[in-house]
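Taken from Swiss-Prot as is:
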| type | residues | note |
| --- | --- | --- |
| TOPO_DOM | 1-9 | topological domain 'Cytoplasmic' |
| TRANSMEM | 10-30 | transmembrane segment |
| TOPO_DOM | 31-43 | topological domain 'Periplasmic' |
| TRANSMEM | 44-64 | transmembrane segment |
| TOPO_DOM | 65-79 | topological domain 'Cytoplasmic' |
| TRANSMEM | 80-100 | transmembrane segment |
| TOPO_DOM | 101-118 | topological domain 'Periplasmic' |
| TRANSMEM | 119-139 | transmembrane segment |
| TOPO_DOM | 140-149 | topological domain 'Cytoplasmic' |
| TRANSMEM | 150-170 | transmembrane segment |
| TOPO_DOM | 171-189 | topological domain 'Periplasmic' |
| TRANSMEM | 190-210 | transmembrane segment |
| TOPO_DOM | 211-226 | topological domain 'Cytoplasmic' |
| TRANSMEM | 227-247 | transmembrane segment |
| TOPO_DOM | 248-277 | topological domain 'Periplasmic' |
| TRANSMEM | 278-298 | transmembrane segment |
| TOPO_DOM | 299-316 | topological domain 'Cytoplasmic' |
| TRANSMEM | 317-337 | transmembrane segment |
| TRANSMEM | 339-359 | transmembrane segment |
| TOPO_DOM | 360-369 | topological domain 'Cytoplasmic' |
| TRANSMEM | 370-390 | transmembrane segment |
| TOPO_DOM | 391-404 | topological domain 'Periplasmic' |
| TRANSMEM | 405-425 | transmembrane segment |
| TOPO_DOM | 426-439 | topological domain 'Cytoplasmic' |
Amino acid sequence: MTHQLKSRDIIALGFMTFALFVGAGNIIFPPMVGLQAGEHVWTAAIGFLITAVGLPVLTVVALAKVGGGVDSLSTPIGKVAGLLLATVCYLAVGPLFATPRTATVSFEVGIAPLTGDSAMPLLIYSVVYFAIVILVSLYPGKLLDTVGNFLAPLKIIALVILSVAAIVWPAGPISNALDAYQNAAFSNGFVNGYLTMDTLGAMVFGIVIVNAARSRGVTEARLLTRYTVWAGLMAGVGLTLLYLALFRLGSDSATLVDQSANGAAILHAYVQHTFGGAGSFLLAALIFIACLVTAVGLTCACAEFFAQYIPLSYRTLVFILGGFSMVVSNLGLSHLIQISIPVLTAIYPPCIALVVLSFTRSWWHNSTRIIAPAMFISLLFGILDGIKASAFGDMLPAWSQRLPLAEQGLAWLMPTVVMVILAIIWDRAAGRQVTSSAH
């Protein structure tokens, strides 16, 4: 007999999914986009919500449909390419960007206002921070219970208070949009949504949500998909409400900070302005705990993944990943964001193509014929977009600037659509040939 979840269990699954997604990036990027977009904040918000909410939820649903992790999702592109994709996802949400970012965000919100942005305080902080991360990651047994029962609700309560405050007590009038947002607010919001890395995170952690439903006795594929979809939608609604409030917070904070300020600085300035020193201390403590929990979760997940393929023990990998993340974190938050933008701009398009096209797998004679070329083309043109967003943008040939949507950082979109159409024609033709030869 198939076990069905009670309403309480479904809500708990939704909260767990929301808590998995809400990390450092989710809190710092919406205020930054809000401040820079100014009067175009809601146009930018729509673009941001597509990549920072829509795509991660879609990824969770796609994983539930195939009943597994990123390895199941990437079946149409083959084992080697699938492993490469999984490795890129784990590196991005692990030691390259997301894990170091947890340290820099908690430092900038809690410590930098007291010490300034000099290198030595960050170095000392990062050594202590990652020593704790490594220690907890070596013995993660009780972490999940602690997170689920105490820290996740605390984090959600703090975010609700912050969101309500942003709406009820705006810091000042809306700022004027930066040049980048005057003509391309939607696409800038869309590309900035990449920076939350939630789609990559969903590929890594989506299986956790599916397994959480399984652990409660749900075995039927149809019900697993349904419950995971509900959990994803609940998390999506929560993220949307949080982001809209944080966009409002950022767009109203022009009188508090410079428009080039990063999200952590905006957040600290607003909380200091609205709640005073005690509020700032509470915010710093909560963000420290939230970031630490995220860092431990990412370190554990990455160590478990790489232990399957590298002849090193889990414990050794925890030390390596923690040490590497510590070194990277000393670049500082603003530099880390600058470096991550070109890389994420390059690797997001093939992930988007894979997730969206995974829903069409049953439509084709051979889904590999559609998905593999679409991902390849989206990666090629995504790399062009990535180079354009980097310091090497001037080295690109003139024709790359004339591609459709190139100005918006979405040069990959039209070539990928064209490739999908050509691949569909090929699949239909090749499929008919196979059938006729069989008879």
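Using N, Cα and C of the backbone, Cβ positions are placed for all residues, glycine too.
As a summary of secondary structure, the topological domain 'Periplasmic' (101-118) carries 14 helix, 0 strand, 4 coil according to DSSP.
Contact counts against the transmembrane segment (317-337), taken as Cβ pairs under 8 Å, peak for 80-100 among the stretches 10-30, 80-100, 190-210. Taken through DSSP, the topological domain 'Periplasmic' (391-404) splits into 7 helix, 0 strand, 7 coil. Residues 83, 86, 90-91, 93-95, 99, 133-134, 137-138, 140, 143, 204-205, 322, 325 of the same chain lie 6 or more positions beyond the ends of the topological domain 'Cytoplasmic' (299-316) yet place their CB under 8 Å from a CB of it. Counting Cβ pairs closer than 8 Å and at least 6 residues apart in sequence, the transmembrane segment (80-100) and the transmembrane segment (227-247) reach fewer than three and form no contact. For the topological domain 'Cytoplasmic' (211-226), DSSP puts the residue distribution at 11 helix, 0 strand, 5 coil.
In the topological domain 'Cytoplasmic' (360-369), helix, strand and coil residues by DSSP number 6 helix, 0 strand, 4 coil.
As a quick check, the transmembrane segment (227-247) and the transmembrane segment (119-139) miss the bar of 3 or more Cβ pairs under 8 A, pairs 6 or more apart, so the two do not touch.
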